[in-house]
Amino acid sequence: MSNAIIIVAAGRGTRAGGETPKQWQSLAGQPVLAHTVAAFKGIGRIVVVLHPEDMTRGIAQFQGEVALCAGGSSRDASVRNALEMLEGSGVEKVLIHDGARPLVSRAVIDGVLDALESAQAAAPALPVSDALWTGENGQVTGTQDRGGLYRAQTPQGFDFDAILSAHRAHPGGSADDVEVARAAGLSVAITRGSEDNLKITYPEDFARAERLLGDKMDIRLGHGYDVHAFEPGDHVTLCGVAVPHDKKLKGHSDADVGMHALTDAIYGALAEGDIGRHFPPSDPQWKGAASEIFLDHAVKLAEARGFRLGNADVTLICEQPKIGPHAVEMAQVLARIIGIEPGRISVKATTSERLGFTGREEGIAAIATATLIKE
Ligand SMILES: Nc1ccn([C@@H]2O[C@H](COP(=O)(O)OP(=O)(O)OP(=O)(O)O)[C@@H](O)[C@H]2O)c(=O)n1
Ligand SMILES: C[C@](O)(CO)[C@H](O)COP(=O)(O)O
(Lines of atoms letter the chains of each structure in order from A and count residues from 1; the text may use other names and numbers.)
(Lines give C-alpha, C1' and ligand atoms only; values in the text may rest on other atoms or scores of the structure.)
(Ligands and ions follow the chains in the order given, each with its own letter.)
Protein backbone atom coordinates (compact mmCIF):
# COMPACT_ATOMS: atom_id res chain seq x y z
CA MET A 1 0.00 0.00 0.00
CA SER A 2 1.35 3.43 -0.90
CA ASN A 3 0.77 6.00 1.85
CA ALA A 4 1.25 9.75 1.79
CA ILE A 5 1.07 12.21 4.65
CA ILE A 6 0.01 15.80 4.10
CA ILE A 7 1.08 18.10 6.92
CA VAL A 8 -0.66 21.45 6.65
CA ALA A 9 1.42 24.28 8.04
CA ALA A 10 0.56 27.28 5.89
CA GLY A 11 -1.46 29.16 8.52
CA ARG A 12 -0.25 32.31 10.23
CA GLY A 13 -0.93 31.22 13.81
CA THR A 14 -2.53 34.52 14.77
CA ARG A 15 -4.12 33.15 17.95
CA ALA A 16 -0.81 31.77 19.21
CA GLY A 17 0.94 35.15 18.86
CA GLY A 18 4.73 35.52 18.72
CA GLU A 19 7.00 37.04 16.11
CA THR A 20 6.95 33.98 13.84
CA PRO A 21 4.01 31.69 13.02
CA LYS A 22 3.53 28.99 15.67
CA GLN A 23 4.78 26.11 13.49
CA TRP A 24 8.21 27.79 13.31
CA GLN A 25 8.44 28.65 17.00
CA SER A 26 10.77 26.57 19.14
CA LEU A 27 9.52 23.62 21.15
CA ALA A 28 12.18 21.75 23.17
CA GLY A 29 14.89 23.21 20.91
CA GLN A 30 13.33 22.45 17.53
CA PRO A 31 10.61 24.14 15.47
CA VAL A 32 7.13 22.79 16.23
CA LEU A 33 6.93 21.60 12.62
CA ALA A 34 10.13 19.53 12.90
CA HIS A 35 8.53 17.51 15.73
CA THR A 36 5.39 17.00 13.65
CA VAL A 37 7.32 15.80 10.60
CA ALA A 38 9.48 13.47 12.73
CA ALA A 39 6.35 11.75 14.04
CA PHE A 40 5.51 10.52 10.51
CA LYS A 41 8.93 9.33 9.37
CA GLY A 42 8.86 5.85 7.89
CA ILE A 43 5.11 5.80 7.31
CA GLY A 44 4.96 7.14 3.76
CA ARG A 45 6.00 10.04 1.61
CA ILE A 46 5.52 13.34 3.39
CA VAL A 47 4.25 16.55 1.83
CA VAL A 48 4.54 19.66 3.99
CA VAL A 49 2.28 22.54 2.98
CA LEU A 50 3.83 25.93 3.69
CA HIS A 51 2.89 29.55 3.31
CA PRO A 52 4.67 30.88 0.17
CA GLU A 53 6.67 33.25 2.41
CA ASP A 54 8.02 30.27 4.39
CA MET A 55 9.39 28.23 1.46
CA THR A 56 13.03 29.25 1.95
CA ARG A 57 12.82 28.39 5.63
CA GLY A 58 11.19 25.05 4.75
CA ILE A 59 13.93 24.13 2.28
CA ALA A 60 16.60 24.92 4.88
CA GLN A 61 14.79 23.00 7.63
CA PHE A 62 13.97 19.81 5.75
CA GLN A 63 16.86 19.60 3.25
CA GLY A 64 14.90 17.58 0.69
CA GLU A 65 13.68 14.92 3.15
CA VAL A 66 10.03 15.94 2.50
CA ALA A 67 8.22 17.43 -0.50
CA LEU A 68 7.07 21.02 -0.08
CA CYS A 69 3.87 22.50 -1.46
CA ALA A 70 2.56 26.07 -1.34
CA GLY A 71 -0.58 26.52 0.75
CA GLY A 72 -3.74 28.49 0.12
CA SER A 73 -5.66 31.13 2.03
CA SER A 74 -7.60 28.60 4.16
CA ARG A 75 -6.84 25.20 5.67
CA ASP A 76 -8.98 23.38 3.12
CA ALA A 77 -7.34 25.26 0.24
CA SER A 78 -3.94 24.19 1.60
CA VAL A 79 -5.03 20.54 1.80
CA ARG A 80 -6.46 20.71 -1.72
CA ASN A 81 -3.18 22.05 -3.14
CA ALA A 82 -1.28 19.10 -1.67
CA LEU A 83 -3.85 16.56 -2.88
CA GLU A 84 -3.61 17.99 -6.40
CA MET A 85 0.18 17.81 -6.21
CA LEU A 86 0.01 14.10 -5.27
CA GLU A 87 -2.52 13.18 -7.95
CA GLY A 88 -1.18 10.57 -10.35
CA SER A 89 1.69 9.56 -8.06
CA GLY A 90 0.17 6.20 -7.09
CA VAL A 91 -0.85 7.16 -3.55
CA GLU A 92 -3.66 4.94 -2.24
CA LYS A 93 -4.14 6.21 1.32
CA VAL A 94 -3.48 9.68 2.61
CA LEU A 95 -3.23 11.00 6.16
CA ILE A 96 -3.90 14.72 6.58
CA HIS A 97 -2.43 16.25 9.73
CA ASP A 98 -2.11 19.69 11.29
CA GLY A 99 1.47 20.93 11.47
CA ALA A 100 0.35 22.46 14.76
CA ARG A 101 -0.11 19.02 16.39
CA PRO A 102 3.51 18.07 17.12
CA LEU A 103 2.77 15.52 19.85
CA VAL A 104 0.85 13.02 17.77
CA SER A 105 1.86 9.52 18.85
CA ARG A 106 2.54 6.41 16.83
CA ALA A 107 -0.44 4.78 18.56
CA VAL A 108 -2.83 7.47 17.27
CA ILE A 109 -1.36 7.25 13.74
CA ASP A 110 -1.51 3.44 13.72
CA GLY A 111 -5.11 3.55 14.92
CA VAL A 112 -6.05 5.54 11.81
CA LEU A 113 -3.95 3.38 9.48
CA ASP A 114 -5.45 0.17 10.90
CA ALA A 115 -8.99 1.50 10.47
CA LEU A 116 -8.20 2.42 6.85
CA GLU A 117 -7.63 -1.28 6.12
CA SER A 118 -11.42 -1.66 6.07
CA ALA A 119 -12.82 1.92 6.01
CA GLN A 120 -12.73 4.62 3.34
CA ALA A 121 -12.10 7.26 5.99
CA ALA A 122 -11.01 7.27 9.63
CA ALA A 123 -10.04 9.94 12.13
CA PRO A 124 -9.09 10.14 15.82
CA ALA A 125 -11.31 11.85 18.35
CA LEU A 126 -12.03 11.99 22.07
CA PRO A 127 -15.50 11.85 23.57
CA VAL A 128 -16.43 15.10 25.31
CA SER A 129 -16.14 14.45 29.04
CA ASP A 130 -16.86 17.89 30.54
CA ALA A 131 -20.33 19.32 30.95
CA LEU A 132 -21.26 21.64 28.10
CA TRP A 133 -22.85 25.07 28.54
CA THR A 134 -23.90 27.86 26.34
CA GLY A 135 -22.98 31.31 27.58
CA GLU A 136 -23.14 34.99 26.85
CA ASN A 137 -21.50 38.04 28.45
CA GLY A 138 -19.78 35.82 31.02
CA GLN A 139 -23.04 34.19 32.12
CA VAL A 140 -24.24 30.63 31.64
CA THR A 141 -27.31 30.74 29.45
CA GLY A 142 -28.03 27.02 29.18
CA THR A 143 -26.70 23.48 29.15
CA GLN A 144 -26.05 21.17 26.25
CA ASP A 145 -26.28 17.39 26.15
CA ARG A 146 -22.76 16.04 25.56
CA GLY A 147 -23.94 12.56 24.56
CA GLY A 148 -22.45 11.51 21.22
CA LEU A 149 -20.17 14.57 20.99
CA TYR A 150 -16.49 14.20 20.11
CA ARG A 151 -13.46 16.47 19.93
CA ALA A 152 -11.91 15.92 16.49
CA GLN A 153 -8.16 15.48 16.04
CA THR A 154 -5.78 14.72 13.19
CA PRO A 155 -4.32 12.80 11.33
CA GLN A 156 -7.49 12.19 9.40
CA GLY A 157 -7.05 9.33 6.91
CA PHE A 158 -8.74 8.65 3.60
CA ASP A 159 -8.71 6.70 0.38
CA PHE A 160 -6.75 9.11 -1.77
CA ASP A 161 -9.07 9.20 -4.80
CA ALA A 162 -12.16 9.60 -2.61
CA ILE A 163 -10.85 12.59 -0.62
CA LEU A 164 -9.44 14.29 -3.74
CA SER A 165 -12.88 14.08 -5.41
CA ALA A 166 -14.54 15.25 -2.19
CA HIS A 167 -12.27 18.32 -1.98
CA ARG A 168 -12.85 19.15 -5.64
CA ALA A 169 -16.62 19.05 -5.06
CA HIS A 170 -16.59 21.06 -1.80
CA PRO A 171 -17.34 24.79 -1.83
CA GLY A 172 -14.72 25.50 0.88
CA GLY A 173 -14.96 26.76 4.44
CA SER A 174 -14.76 23.35 6.17
CA ALA A 175 -13.33 22.96 9.68
CA ASP A 176 -11.55 19.74 8.73
CA ASP A 177 -11.29 17.02 6.08
CA VAL A 178 -13.84 14.79 7.78
CA GLU A 179 -16.40 17.52 7.07
CA VAL A 180 -15.35 17.52 3.41
CA ALA A 181 -15.50 13.71 3.25
CA ARG A 182 -18.95 13.56 4.84
CA ALA A 183 -20.27 16.20 2.48
CA ALA A 184 -19.29 13.82 -0.33
CA GLY A 185 -21.12 10.93 1.34
CA LEU A 186 -18.12 9.06 2.77
CA SER A 187 -18.61 7.34 6.11
CA VAL A 188 -15.88 8.05 8.63
CA ALA A 189 -14.73 5.64 11.35
CA ILE A 190 -13.78 7.16 14.71
CA THR A 191 -10.48 5.95 16.12
CA ARG A 192 -8.90 6.59 19.52
CA GLY A 193 -7.48 10.09 19.93
CA SER A 194 -5.16 11.21 22.71
CA GLU A 195 -5.22 14.09 25.20
CA ASP A 196 -1.54 14.64 24.35
CA ASN A 197 -2.33 15.22 20.68
CA LEU A 198 -3.10 18.86 21.34
CA LYS A 199 -3.23 21.49 18.62
CA ILE A 200 -1.04 24.44 19.52
CA THR A 201 -3.53 27.26 19.18
CA TYR A 202 -2.99 29.75 22.03
CA PRO A 203 0.26 31.02 23.65
CA GLU A 204 -0.22 28.85 26.76
CA ASP A 205 -0.29 25.67 24.61
CA PHE A 206 3.49 25.92 24.12
CA ALA A 207 4.14 25.41 27.84
CA ARG A 208 1.80 22.42 27.94
CA ALA A 209 3.45 20.88 24.88
CA GLU A 210 6.93 21.41 26.42
CA ARG A 211 5.79 19.67 29.60
CA LEU A 212 4.40 16.72 27.67
CA LEU A 213 7.53 16.46 25.53
CA GLY A 214 9.70 16.49 28.64
CA ASP A 215 7.72 13.54 29.98
CA LYS A 216 7.95 11.59 26.72
CA MET A 217 11.55 12.31 25.75
CA ASP A 218 13.68 9.15 25.54
CA ILE A 219 17.37 9.43 24.63
CA ARG A 220 19.39 6.26 23.99
CA LEU A 221 23.11 5.81 23.51
CA GLY A 222 24.44 2.76 21.65
CA HIS A 223 27.94 1.45 21.10
CA GLY A 224 29.27 -0.82 18.34
CA TYR A 225 32.62 -2.52 17.72
CA ASP A 226 33.70 -4.66 14.78
CA VAL A 227 36.86 -6.17 13.30
CA HIS A 228 37.59 -7.70 9.89
CA ALA A 229 40.85 -9.31 8.78
CA PHE A 230 42.61 -8.53 5.52
CA GLU A 231 42.99 -10.97 2.65
CA PRO A 232 44.43 -10.45 -0.84
CA GLY A 233 42.44 -7.96 -2.91
CA ASP A 234 42.42 -4.52 -4.49
CA HIS A 235 40.07 -2.40 -2.36
CA VAL A 236 38.24 -2.17 0.95
CA THR A 237 34.66 -0.99 1.43
CA LEU A 238 34.44 1.36 4.40
CA CYS A 239 31.27 3.25 5.39
CA GLY A 240 29.89 2.51 1.93
CA VAL A 241 32.90 3.90 0.02
CA ALA A 242 35.23 1.70 -2.06
CA VAL A 243 38.78 2.71 -1.11
CA PRO A 244 41.62 1.39 -3.31
CA HIS A 245 44.06 -0.77 -1.29
CA ASP A 246 46.37 -3.68 -1.91
CA LYS A 247 44.17 -5.94 0.28
CA LYS A 248 40.47 -6.45 0.91
CA LEU A 249 38.54 -7.22 4.06
CA LYS A 250 37.42 -10.77 4.66
CA GLY A 251 33.80 -11.40 5.65
CA HIS A 252 30.50 -13.06 4.88
CA SER A 253 29.01 -9.76 3.60
CA ASP A 254 31.00 -6.94 1.96
CA ALA A 255 32.92 -6.73 5.30
CA ASP A 256 32.26 -2.99 5.72
CA VAL A 257 33.62 -2.83 9.24
CA GLY A 258 32.64 0.85 9.78
CA MET A 259 29.04 0.37 8.70
CA HIS A 260 28.80 -2.78 10.83
CA ALA A 261 30.00 -0.94 13.94
CA LEU A 262 27.47 1.84 13.34
CA THR A 263 24.65 -0.66 12.71
CA ASP A 264 25.50 -2.44 15.95
CA ALA A 265 25.51 0.89 17.80
CA ILE A 266 21.92 1.49 16.64
CA TYR A 267 20.83 -2.04 17.54
CA GLY A 268 22.58 -1.55 20.87
CA ALA A 269 20.68 1.66 21.62
CA LEU A 270 17.47 -0.24 20.94
CA ALA A 271 18.62 -3.21 23.07
CA GLU A 272 18.12 -5.31 19.92
CA GLY A 273 21.31 -7.38 19.92
CA ASP A 274 23.59 -7.05 16.93
CA ILE A 275 23.78 -7.65 13.17
CA GLY A 276 24.31 -11.37 13.70
CA ARG A 277 20.93 -11.67 15.40
CA HIS A 278 19.08 -10.04 12.50
CA PHE A 279 21.24 -11.31 9.61
CA PRO A 280 22.77 -14.66 10.70
CA PRO A 281 26.12 -15.36 8.98
CA SER A 282 24.89 -18.97 8.58
CA ASP A 283 22.23 -17.70 6.14
CA PRO A 284 23.65 -17.87 2.57
CA GLN A 285 21.41 -15.04 1.35
CA TRP A 286 23.66 -12.47 3.11
CA LYS A 287 26.85 -13.72 1.41
CA GLY A 288 28.52 -10.73 -0.23
CA ALA A 289 25.55 -8.53 0.81
CA ALA A 290 26.00 -4.74 0.77
CA SER A 291 26.09 -3.63 4.40
CA GLU A 292 23.68 -0.83 3.50
CA ILE A 293 20.93 -3.46 3.95
CA PHE A 294 21.94 -3.96 7.60
CA LEU A 295 22.15 -0.23 8.40
CA ASP A 296 18.84 0.47 6.68
CA HIS A 297 17.21 -2.32 8.71
CA ALA A 298 18.51 -0.92 12.01
CA VAL A 299 17.35 2.61 11.10
CA LYS A 300 13.87 1.37 10.13
CA LEU A 301 13.64 -0.60 13.38
CA ALA A 302 14.48 2.58 15.30
CA GLU A 303 11.91 4.58 13.33
CA ALA A 304 9.25 1.95 13.92
CA ARG A 305 9.86 2.44 17.65
CA GLY A 306 9.50 6.21 17.26
CA PHE A 307 13.23 7.05 17.42
CA ARG A 308 15.29 9.19 15.09
CA LEU A 309 19.08 9.18 14.98
CA GLY A 310 20.43 12.24 16.80
CA ASN A 311 24.05 11.77 15.76
CA ALA A 312 26.65 9.09 15.13
CA ASP A 313 30.42 8.97 15.48
CA VAL A 314 32.45 6.26 13.70
CA THR A 315 36.18 5.73 14.26
CA LEU A 316 38.15 3.46 11.92
CA ILE A 317 41.36 2.03 13.37
CA CYS A 318 44.00 1.14 10.78
CA GLU A 319 47.44 2.07 9.50
CA GLN A 320 46.42 1.77 5.84
CA PRO A 321 44.54 2.79 3.77
CA LYS A 322 44.47 6.46 4.76
CA ILE A 323 40.91 7.43 5.65
CA GLY A 324 41.20 11.24 5.75
CA PRO A 325 40.71 11.84 2.00
CA HIS A 326 37.50 9.74 2.06
CA ALA A 327 35.99 10.70 5.43
CA VAL A 328 33.61 13.39 4.11
CA GLU A 329 32.24 11.10 1.41
CA MET A 330 31.83 8.30 3.97
CA ALA A 331 29.79 10.59 6.25
CA GLN A 332 27.65 11.63 3.28
CA VAL A 333 26.97 8.02 2.30
CA LEU A 334 25.99 7.08 5.87
CA ALA A 335 23.78 10.18 6.16
CA ARG A 336 22.00 9.30 2.92
CA ILE A 337 21.25 5.75 4.06
CA ILE A 338 20.07 6.93 7.47
CA GLY A 339 18.09 9.84 6.03
CA ILE A 340 19.60 12.68 8.09
CA GLU A 341 21.81 15.64 7.35
CA PRO A 342 25.55 14.82 6.97
CA GLY A 343 26.38 17.26 9.78
CA ARG A 344 25.06 14.71 12.27
CA ILE A 345 27.52 12.00 11.18
CA SER A 346 31.21 11.94 11.99
CA VAL A 347 33.69 9.56 10.39
CA LYS A 348 37.27 9.74 11.60
CA ALA A 349 40.28 7.45 11.87
CA THR A 350 43.24 6.68 14.03
CA THR A 351 46.18 4.32 13.89
CA SER A 352 47.13 2.12 16.85
CA GLU A 353 50.73 3.38 16.71
CA ARG A 354 51.74 0.12 14.97
CA LEU A 355 50.67 -1.89 18.04
CA GLY A 356 48.45 -4.95 17.92
CA PHE A 357 46.70 -6.53 14.93
CA THR A 358 45.74 -3.20 13.36
CA GLY A 359 49.29 -1.99 13.85
CA ARG A 360 50.62 -5.08 12.08
CA GLU A 361 48.14 -4.37 9.25
CA GLU A 362 46.35 -7.68 9.72
CA GLY A 363 42.92 -6.06 9.63
CA ILE A 364 40.78 -3.02 10.42
CA ALA A 365 38.76 -2.33 13.59
CA ALA A 366 35.94 0.16 13.96
CA ILE A 367 34.06 1.61 16.89
CA ALA A 368 30.88 3.65 16.69
CA THR A 369 28.46 5.43 18.97
CA ALA A 370 24.96 6.54 18.07
CA THR A 371 22.27 8.45 19.89
CA LEU A 372 18.61 7.76 19.27
CA ILE A 373 16.00 10.31 20.28
CA LYS A 374 12.30 9.86 20.81
CA GLU A 375 10.29 13.04 21.45
N1 LIG B 1 -4.35 28.75 5.13
C2 LIG B 1 -4.06 27.81 6.03
C3 LIG B 1 -4.56 27.85 7.35
C4 LIG B 1 -4.20 26.86 8.25
N5 LIG B 1 -3.33 25.89 7.85
C6 LIG B 1 -2.86 24.90 8.80
O7 LIG B 1 -3.94 24.19 9.40
C8 LIG B 1 -3.60 23.77 10.71
C9 LIG B 1 -4.74 24.05 11.69
O10 LIG B 1 -5.05 25.42 11.64
P11 LIG B 1 -4.93 26.46 12.84
O12 LIG B 1 -4.53 25.79 14.09
O13 LIG B 1 -6.17 27.26 12.82
O14 LIG B 1 -3.68 27.33 12.37
P15 LIG B 1 -3.60 28.84 11.93
O16 LIG B 1 -4.56 29.12 10.83
O17 LIG B 1 -2.16 29.07 11.63
O18 LIG B 1 -3.99 29.58 13.29
P19 LIG B 1 -4.82 30.92 13.51
O20 LIG B 1 -6.23 30.58 13.12
O21 LIG B 1 -4.67 31.18 14.97
O22 LIG B 1 -4.20 31.99 12.65
C23 LIG B 1 -2.31 24.49 11.08
O24 LIG B 1 -1.25 23.57 11.12
C25 LIG B 1 -2.17 25.53 10.01
O26 LIG B 1 -0.82 25.87 9.70
C27 LIG B 1 -2.87 25.86 6.54
O28 LIG B 1 -2.10 24.97 6.19
N29 LIG B 1 -3.25 26.81 5.65
C1 LIG C 1 -8.52 20.03 11.80
C2 LIG C 1 -8.75 20.31 13.26
O3 LIG C 1 -7.53 20.34 13.94
C4 LIG C 1 -9.57 19.16 13.85
O5 LIG C 1 -9.77 19.40 15.19
C6 LIG C 1 -9.46 21.60 13.47
O7 LIG C 1 -10.70 21.57 12.82
C8 LIG C 1 -8.66 22.81 13.01
O9 LIG C 1 -9.40 23.95 13.43
P10 LIG C 1 -8.87 25.45 13.30
O11 LIG C 1 -10.06 26.30 13.40
O12 LIG C 1 -8.19 25.53 11.96
O13 LIG C 1 -7.98 25.68 14.45
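The backbone N, Cα and C atoms fix where each Cβ goes, and this holds for glycine too.
Look at TrEMBL and you will find 1-219 tagged as region '2-C-methyl-D-erythritol 4-phosphate cytidylyltransferase'.
Per TrEMBL, site 'Transition state stabilizer' is recorded for ARG15 (among others). Under the three-state DSSP scheme, ARG15 (site 'Transition state stabilizer') falls in the coil class.
Within 10 Å of the C-beta of LYS22 (site 'Transition state stabilizer') we count 28 further C-beta atoms, all protein chains included. Summarising the annotation, TrEMBL assigns site 'Transition state stabilizer' to LYS22 (among others).
Non-local neighbourhood of ARG146 (site 'Positions MEP for the nucleophilic attack'): VAL128, SER129, ASP130, ALA131, LEU132, each in the same chain, at least six residues away, with C-beta under 8 Å from its C-beta. Residues or ranges marked as site 'Positions MEP for the nucleophilic attack' in TrEMBL: ARG146 (among others).
Cβ neighbours within 10 Å of LYS199 (site 'Positions MEP for the nucleophilic attack'), excluding its own Cβ and spanning all shown chains: 19. The site 'Positions MEP for the nucleophilic attack' annotation in TrEMBL covers LYS199 (among others).
A mean pLDDT of 95 is what the model gives for the domain '2-C-methyl-D-erythritol 2,4-cyclodiphosphate synthase' (219-372). Sequence annotations record features per position, and here TrEMBL assigns domain '2-C-methyl-D-erythritol 2,4-cyclodiphosphate synthase' to 219-372.
For 220-375, the entry in TrEMBL reads region '2-C-methyl-D-erythritol 2,4-cyclodiphosphate synthase'.
Feature annotation from TrEMBL assigns 4-CDP-2-C-methyl-D-erythritol 2-phosphate binding site to ASP226, VAL227, HIS228, HIS252, SER253, ASP274, ILE275, GLY276, THR350, THR351, SER352, GLU353, PHE357, ARG360. Around the Cβ of THR351 (site 'Transition state stabilizer'), the number of neighbouring Cβ atoms within 10 Å comes to 15.
Look at TrEMBL and you will find ASP226, HIS228, HIS260 tagged as divalent metal cation binding site. DSSP assigns ASP226 (4-CDP-2-C-methyl-D-erythritol 2-phosphate binding site) to a strand segment in the three-state reduction.
Its Cβ placed at the centre, HIS252 (site 'Transition state stabilizer') has 16 other Cβ atoms within 10 Å. Residues or ranges marked as site 'Transition state stabilizer' in TrEMBL: HIS252 (among others).
Marked as site 'Transition state stabilizer' by TrEMBL: THR351 (among others).
Looking at SER253 (4-CDP-2-C-methyl-D-erythritol 2-phosphate binding site) and THR351 (site 'Transition state stabilizer'), their Cα atoms lie 24 Å from each other.
A Cβ distance below 6 Å to any atom of ligand 2 is met, among the recorded positions LYS199, ASP226, HIS252, SER352, by LYS199. Mapped onto three states, the DSSP output places THR350 (4-CDP-2-C-methyl-D-erythritol 2-phosphate binding site) in strand. In sequence order, HIS260, THR263, ASP264, TYR267, PHE294 are the residues of the chain that are 6 or more apart from ILE275 (4-CDP-2-C-methyl-D-erythritol 2-phosphate binding site) and have a CB within less than 8 Å of its CB.
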